[in-house]
Amino acid sequence: MGTSHQVFLVLSCLLTGPGLISCQLLLPSILPNENEKIVQLNSSFSLRCVGESEVSWQHPMSEEDDPNVEIRSEENNSGLFVTVLEVVNASAAHTGWYTCYYNHTQTDESEIEGRHIYIYVPDPDMAFVPLGMTDSLVIVEEDDSAIIPCRTTDPETQVTLHNNGRLVPASYDSRQGFNGTFSVGPYICEATVKGRTFKTSEFNVYALKATSELNLEMDARQTVYKAGETIVVTCAVFNNEVVDLQWTYPGEVRNKGITMLEEIKLPSIKLVYTLTVPKATVKDSGEYECAARQATKEVKEMKRVTISVHEKGFVEIEPTFGQLEAVNLHEVREFVVEVQAYPTPRISWLKDNLTLIENLTEITTDVQKSQETRYQSKLKLIRAKEEDSGHYTIIVQNEDDVKSYTFELSTLVPASILDLVDDHHGSGGGQTVRCTAEGTPLPEIDWMICKHIKKCNNDTSWTVLASNVSNIITELPRRGRSTVEGRVSFAKVEETIAVRCLAKNNLSVVARELKLVAPTLRSELTVAAAVLVLLVIVIVSLIVLVVIWKQKPRYEIRWRVIESISPDGHEYIYVDPMQLPYDSRWEFPRDGLVLGRILGSGAFGKVVEGTAYGLSRSQPVMKVAVKMLKPTARSSEKQALMSELKIMTHLGPHLNIVNLLGACTKSGPIYIITEYCFYGDLVNYLHKNRDSFMSQHPEKPKKDLDIFGLNPADESTRSYVILSFENNGDYMDMKQADTTQYVPMLERKEVSKYSDIQRSLYDRPASYKKKSMLDSEVKNLLSDDDSEGLTLLDLLSFTYQVARGMEFLASKNCVHRDLAARNVLLAQGKIVKICDFGLARDIMHDSNYVSKGSTFLPVKWMAPESIFDNLYTTLSDVWSYGILLWEIFSLGGTPYPGMMVDSTFYNKIKSGYRMAKPDHATSEVYEIMVQCWNSEPEKRPSFYHLSEIVENLLPGQYKKSYEKIHLDFLKSDHPAVARMRVDSDNAYIGVTYKNEEDKLKDWEGGLDEQRLSADSGYIIPLPDIDPVPEEEDLGKRNRHSSQTSEESAIETGSSSSTFIKREDETIEDIDMMDDIGIDSSDLVEDSFL
C-alpha cells in the first residue's frame, strides 16, 4: 500500500508540475550522511542517493571526461529510487561539490535543488583544485561582492590573496575561495604545504556596469507596412554592459529576421539591438517581442509591439457630419473628417468642383496627424457668408487608394429688404410700389397700409393690405435664387399715404415704409429740395475755398537761431527775427542797382542777377545776386523776407556762406543783395561735370543713372536736365548766356552792361607757388581757372568747405534746417557757399519737398527727430550734412533712390535703414556719412570734428591754400566784411599817432565799442563758456570755438567767441592781420547772442 501511494504521488507531481506545494517531495538523501568528507589520494569512494522519484548526480568531473567516475542505478524493494556514484583512483581534480537531485525538478534555466556533500582529496603536490577554462575570469558588477575561486584540496591549508604583490585581506572558504569586494585587476592565491609554496595562476577581476533593474525600451519606426517593405524594430538597454537579448516574432521560425547590435558609450552606456525583416509579407503580421536578461543577475525584462502588414495601401474616411448641413450667417463652424490611411495620403478640399485656395482667410483647411495612420482634416468657415453656400468635397488619396465625401452647405441668411421704390404712372396719378428682399430661406412678402399719415408711428394705424381691395392690385412675388420681389399697384393716389413692406423667413422679420405723395404736392416738394441743394452747394464751395486759401503754402526762412534750451534738451526756443534790430549801414541806394536776367524763380519770389555801383572802394562795379518777392506776395511773406535780412546782418561774414552785401528796404519792394555765385547750385554742377569725372576715374564703372533720373544714352534728355533748372526753381548756371528773362530797371549810361563787368576781386583766390607733387591737383581745386573738370579732390574740397561753413553757422547757434546740395552754390574758384534758396524754388512742384500743413518739408534730408518730433538742432543739420555727402559722391543723385516718401519710408527710417555707400565714395567718406546718420543725435560728430576729419583726407597744401584764401577774404574790403567794421580813417580824423600799432589799438577799441552799442538793443543772456587753456590754444585751429559752441548748444544754446590758432598758422600770420587793421577775433565775428 505504501509503495503504490508513493508511485501515485510522483505521477501526480509529474502531471501537474513541480510548482505546486501540494506535490512537494522531500529532498533526496545522500549516504554517507555528511556535509563534507576527506578522501585519501588515489583511493576510491562511493556515494548513494535515495529519493522518492528518479534522481541524478552533479559532480566536478563529467563522466565523459573522467573514466574514473561511474554512476549507476540500483533497485530495492522499498519503492525508493537509488543512484550510486563511484570514483576510483581519486585525485585533486575530484575535489568539489557532489549534488543529488530529482530529475523532474531540474530545467535548463533553474538552479539545481537537492542534497549536497563536499569531497576533499588532499594532494601534497597540488595545493589548489585545478581551474576550469573560465575560472580565471571573474566578472563582477560595480561595487558588488565577488568570489575568487582558488579552492584547496585540503581544508587545513592556509591561503593568502595578493594583488600586484600586495596582500589583500578577505574572508576565505576552502570550498569557494576568497569572498569580498575587489577592485579591478589581477589576483594570485598563495598557499604553503609542508614548507612548499604554491601559487595559482592570475585571476583577472573585471567590473561591469549593471543595474538592479533592466531599463529596456522598444521602438518601431512604424507599425503598419505594405507587402514588400522592410520591417525595422529596435530594443535598447540602458546602463548595462552585458545583456542577453532574445527576439520573438512571426518570421522567427523561418529565420527571416536579421539582428544587429550597436554599443553606444557616450553620454551613457546604451546597447541597441535591431531586428530587420526584409520584404515583409502578410504572414509577418503579429507580435514582435524582445526579452533581455542580465548576465550577472537573474533580472529579465520584456517588451512587445504589434505590427500589421497589408497587401497594399488603404484609405478610410469617417466624416463627423451629414451630407446636408446649414450654418447661420456670420457663424464660425468646423467640419471634421477622420481619416485612416497608409501610405501618407494627400488631402484636398473642393467647393463646387473647384479646389479651395489654401491662403483664404474666410475658409481655412487644416490637417493634423493624430496617430501613425490616423489623420484629422478640418474645414473651417470664419464668419460664414451667403456665398459660402455650395457643395464641398474632401478627397483623400495615396498611391494605392482614393476616397471622397461630398456634402451640401447652406448659409441661413436673415430676411432683409434690398429696395423699396415707387413707380409713377404719369399724369393719371397711379403708382406701383416694388419691394425687393433677400434671405435664405427665401422670405415671404406682405403689405400693410397707413392712410392717416400723422398717426403712422402707432402700429394700430397700420392694416394688412388685402389683394381684393378696389383700385389696389397685389402681384405674386417673383422669386430668384436668393431674392424675391413683390409689387402693389395703386390706381390713383389722391392724398399722402404710407405703405409698409414686410419680409420674413425663419430667422427674422424686417419692414420698410414708403410715403406715397399726391402729384400736386410732389412738385412743390421738388422745388423746395432743389433750392435747398443749391444753397448747400454754395456754402460748401465757400468753405472749400477758405480752407484752400488757408492751406496755401507760405514762404518762411528755414534758418533759425537758438535762444535757449530746456533743461531736458527736448524743447528749443528760437529767436524771433522780427525782434532783431536792422542796422541802416546795410542800406544800399536803389539807384545804384541795375537788375538783369532772372537766375531762379519760385512760388514766392525770385533771384535776379544785378549790377551794383559803389558797393565797395576797390571794386566800384560789382556783379551781385538780388533776392526779391513777387508782386503778389502777402504781408506774411514780406515779413519772412525781412526776417531773413535781419538774420543775415547778425550772422556776419564767412567765406563759405552766401554773404549779405546790402539791402534795399525803403521806398519800394525789399531787395536783399548777396554774392553772385558763378557756377550756380552744386547739384547742377555735379550733373554737368559727371562725364569729365568719369573720364578721369575710369576705374569707377559707369552704371545706369537711375538715381539721377537720366538715361545715359539720351544726350538730349541729359542736356535738358542740366540746363533747364530755372523752370523747377533751382539756381541757374550763371555761366550760361542764353536768352533769359530780364527785369526792366534804370540802367546807368556811363557804364557797360553786366556782361562786361570784371569779376569780383573776392571771387578770385590768391595764387601760390608749386611746393609739392600734389600742388597741381590742389591748384585745380582753388583756382580761377574756367576749367570745369571734376576730380575726387574736388568732391572732398566741396565736403570740407560745407563743413567749415556749417561750423561757422553752428558757432552762431544758427540751425539751417534745409542743408542740401541744391542750397549750396559754387562761386568762382570752386568756392562753396551755403545759402537758403527756398524763395526762388517752386517747392509746391518740387519732388524733394513733401507737403505738411501749410508748408513743404525736405523729408529725405531731415533727421528722424525733425521728422517725428519737429526738433531742429545743429545735430539735425549734421544728419542733413551726411545726406549732402551722399549727393556729392553720387554726383548729384537723389537720396534714397527709387523710394517714395510714404509710410514705408518713415518705418524704414525708424527701424534704422540707411543708404548704401555711393559709387564714388571711399570707405573713409562713407564712415563719415554713417556717423552723421546715427539715430541718437548726441552721438553724431559736431561740424568742428567733421571739418577736422575731412581736412585729414585732403593734401596738406590744400589746407594752407584754403587758410590763405580765407585770410585774404577777411582782410579785403568785401562789403560783407567792411560793413562789420568801423572805418578807422573816418572815425579818427585829426588824431596823430606815434606809430601804426597805437592807431590799430584805438581802431580795435572803437570797433568793439561800436559793436556793443549796435547790439545793445538785443542781447540774449547765455552762460559763458570756459576759456581755452593756453596750452591747448597752441594746438587748435583758428576757429570761432565752434566745437565748444556746438557741443554746448545741446545743453545751453550758448556760443563762444574765443580765438583759436590753427595748427598750420604762424604767429606772423596773425601779426600780419594786425598790421592791416584787423582784430584777430574779427576772423570769426562775435555772435550777436
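One-based numbering along the chain as shown.
Quick reminder: no glycine exception, Cβ is built from N, Cα and C everywhere.
Since this is a predicted model, take the numbers as computed values, not measurements.
Cys501 is paired in Swiss-Prot with Cys435, the candidate among Cys435, Cys450, Cys456 named as its disulfide partner. Partner cysteine of Cys290, as given in Swiss-Prot, is Cys235 (from among Cys189, Cys235, disulfide bond).
For Leu599 (ATP binding site), the spatially nearest entry among the glycosylation sites Asn42, Asn103, Asn353 is Asn353, judged by CA separation. In terms of local Cβ density within 10 Å, Asn103 ranks first among the glycosylation sites Asn76, Asn103, Asn458. For the pair formed by Asn458 (N-linked glycosylation site) and Val607 (ATP binding site), distance between Cα atoms is given as 76 Å, rounded to the nearest Å. Each residue contributes its Cα atom, and for Val607 (ATP binding site) and Asn103 (N-linked glycosylation site) those atoms are 129 Å apart.
Checking Cα-Cα distances from Asn89 (N-linked glycosylation site) against the glycosylation sites (Asn42, Asn76, Asn103, Asn179) with a 10 Å cut-off leaves Asn42, in sequence order. Counting only the Cα atoms, the space from Asn42 (N-linked glycosylation site) to Asn179 (N-linked glycosylation site) is about 31 angstrom. Cβ neighbour count within 10 Å across all protein chains ranks Ser601 highest among the recorded positions Asn42, Asn179, Asn506, Ser601. Sorting the domain 'Ig-like C2-type 3' (202-306) by DSSP state (H, G, I as helix; E, B as strand; all else coil) yields 6 helix, 60 strand, 39 coil.
There are 25 other Cβ atoms within 10 Å of the Cβ belonging to Asp818 (active site, proton acceptor).
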